[in-house]
Amino acid sequence: MSATQVTDVDIPEAGDTGGIGQALRDYFVRVKGGEVGSLPAVAGLIVLIALFSVLQGTTFFTALNFANLINQGTAVIVLAMGLVFVLLLGEIDLSAGFAAGTAAAVLAVGLTKYGLPWPVALIACLLTGTVIGLLLGLLVAKLGIPSFVVTLAAFLGLQGVMLLIIGEGGTIGIQSDFLLAIMNRNMPVWAGWLLWALVILGYAGVTFRAIRARKAAGLSGSSASVWAAKVVSLAILLGIAVYLLNGQRQIVRAGKQACVVMGPPNEPVGCIPTLQGVPWAVLVVLLLLVGLTFVLSRTSFGRHVYAVGGNTEAARRAGIKVSSIKITCFMICSTMAAVAGVLLASRDNSVSPTTGGAQTLLFAVGAAVIGGTSLFGGRGRVIDAIIGGLVVAVIANGLPLITSQSGIQYVVTGGVLLVAASVDALSRRRSSASGR
Amino acid sequence: MTNPAPILELRGVNKSFGAVHVLRGVDFNAYPGQVSALVGDNGAGKSTLIKGVAGIHSFDSGEYLFEGTPANVHAPRQANALGIEVVYQDLALCDNLDVVHNMFLGREEKAGLILDEITMERRAKETLAGLSVRTLKSVRQQVSSLSGGQRQTVAIARAVLWNSKLVILDEPTAALGVAQTEQVLKLVRRLADNGLAVILISHNMNDVFQVADNIACLYLGMMAAQVHTKDVTHGQVVELITSGRSGDLGVQPEILSNGAVA
Ligand SMILES: Nc1ncnc2c1ncn2[C@@H]1O[C@H](COP(=O)(O)OP(=O)(O)O)[C@@H](O)[C@H]1O
Ligand SMILES: [Mg+2]
């Protein structure tokens, strides 16, 4: 094969020259072709925030409530991040909620009953998740049992295991300042802004280098104006978030003033402790986002996950070890569930038989799907879990402010999930119709 | 016309599935720079023969020579290592990945741990350019947005990406319209003109006579004849396919009756 003919062959690129206008047009074409991605979720998020702000402006759109929202949403988001890997295969993990609970139980028992130092208990907790995932993956990939059935069995089984570990009816408190701090403490104000700057610079640097490398190789990439627009919008969005979180959340009544105190004993009269700053949990989510996104989009393992989800037979013929990909994804999912378990334990200061139960799993699946991850496999990103998780958290947080009926909350959340699944199904139909 | 030395030479290969004797002492050659058509009725054993060459299953007996030396091919990877690539009828592309990703699937270029997208994109473009493919808008397009002919093109380009020496195409035009068939046949011809050996399985006599240099006819698991395209007519090939012989070409009547009964 000679490469000498390259010059006389013209393969124009989409999105190559014309700046932002062209980029928007290309994006529109992709959306029309069925690649909607996170668009509906982002739109939904904006609409919901606007709606709740109008209906319940004073309570909903406050720094305090924004922090609450993050506090409520973090575990679900982390759970959803793991679920993305399994959903990408076209599989499901119904047991992830109780994998979180079981791992959290191991953490709590390790800390209290066995008096382990927290790092050891934490590792045991995460390994519990990994082992659960290994077993699920083996049953799905090697025995060929549908994941729906395997994980439904594990859903029941793990609930039992958790009860056995905790002991009937018991609640075990978490005694570790470090672990409790994750969900209960905030960064200093300056650290929040430092984190903001690092994220923006990191994003700008990585994307800029990628564009320059493509240019240097004579390949087309997005233009500088598109790049700048993305960086600036990200900076503004995250800037607003950091600004809100850095605001004083403690409600200061007349006659009192906020002040920084480290512990109750030296609390001066007429002064209440400040409550402000980006929750540490945000840093955890951020690190997981970067790490897992790297795995999915920059490594051949990630590429193979998409291939298995898109066309298992094609992946197999391309020499990809399909079963080990599947097993690894289930292991990642359950390990992330264990991380979510740590967050739940930290948030509630304890582990009980309901940790990871109730709607935790359904919210997490909902978050991933609402964010744009397909239930049919092959389509999805880690960030979908965050975007969808925020939608779920906004609903869970905003609705109780305008109605006291919890029934309405279930109905609305169920409806939103159904809408997301419909968008998923329709866009899938559209993308297969736009080919051929 | 004299043939160059065959790159692939099968001599007297047999293959049975249980009691069913599917391939009976088949001889078959493929030559560099030539398109060898493999024709035969449904169930004649074309796919079985190809799968044996590709290492999906191994032949029970017979010789398998590649570039003149006996080759040991019992797994697809061994065939790939020799430079043999197969484009299956169902193409086996991932709709959710783009053209570059599909072409490099399972054999990604990496810089350390990280996928080397730039090298992959450049090589994909070079390969497509080398095949004079002009119908793709972008190599970063998802495969789901391609037409049938374009998908076939991507599958073929993937096969030639690996410095392959022998490319096997199973019914590449079966699902295509007239214009796209024409496009793909041109591409098949170009592969051979670039020096590759091509085996083309087809039911369509027009396709075969348009691009093939030689035609091999399987009949009930026996090789009725492998002949130069210009030495035979449409009618003769059809006769070979349907009855195993045509004039002095084809399987001898006594073997035929033995074979058919056995
Ligand atoms: N895996 C198999 N097990 C049993 N019989 C098979 C198998 N594969 C093919 N055959 C039989 O071998 C014969 C030839 O099949 P095949 O090679 O697919 O023919 P063709 O591709 O020419 O239509 C058929 O009778 C078919 O039923
Ligand atoms: Mg066949």
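Going from the start of the chain as shown, residues are counted 1 onward.
Glycine too: its Cβ is placed from the backbone N, Cα and C atoms.
All annotation found in TrEMBL is predicted automatically rather than curated by experts.
According to TrEMBL, the feature transmembrane segment maps to A:39-63, A:69-89, A:120-141, A:148-167, A:187-206, A:227-245, A:277-296, A:325-345, A:357-376, A:383-402, A:408-426.
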Interface check, the transmembrane segment (A:148-167) with the transmembrane segment (A:187-206), three or more C-beta pairs under 8 A: no
Annotated stretches the transmembrane segment (A:277-296) and the transmembrane segment (A:39-63) touching (3 or more Cβ pairs under 8 Å): no
Residues from the same chain, set at least six apart from the ends of the transmembrane segment (A:325-345), whose C-beta lies under 8 A from its own: 74-76, 78-79, 81-83, 85-86, 88-89, 91, 93, 95-97, 99-104, 107-108, 122, 125-126, 128-134, 136-138, 140-141, 147, 174, 179, 182-183, 281, 284, 288, 292, 301, 304-305, 308, 315, 351, 355-356, 360, 364
Dominant neighbour of the transmembrane segment (A:39-63) in A:120-141, A:187-206, A:227-245, A:408-426, by Cβ pairs under 8 Å: A:408-426
Candidates A:120-141, A:187-206, A:383-402, A:408-426; stretch with most C-beta pairs under 8 Å toward the transmembrane segment (A:69-89): A:383-402
Distal contacts, the transmembrane segment (A:187-206) - CB-CB under 8 A, six or more residues away: 227, 231, 234-235, 238-239, 242, 245-246, 276-280, 282-283, 286
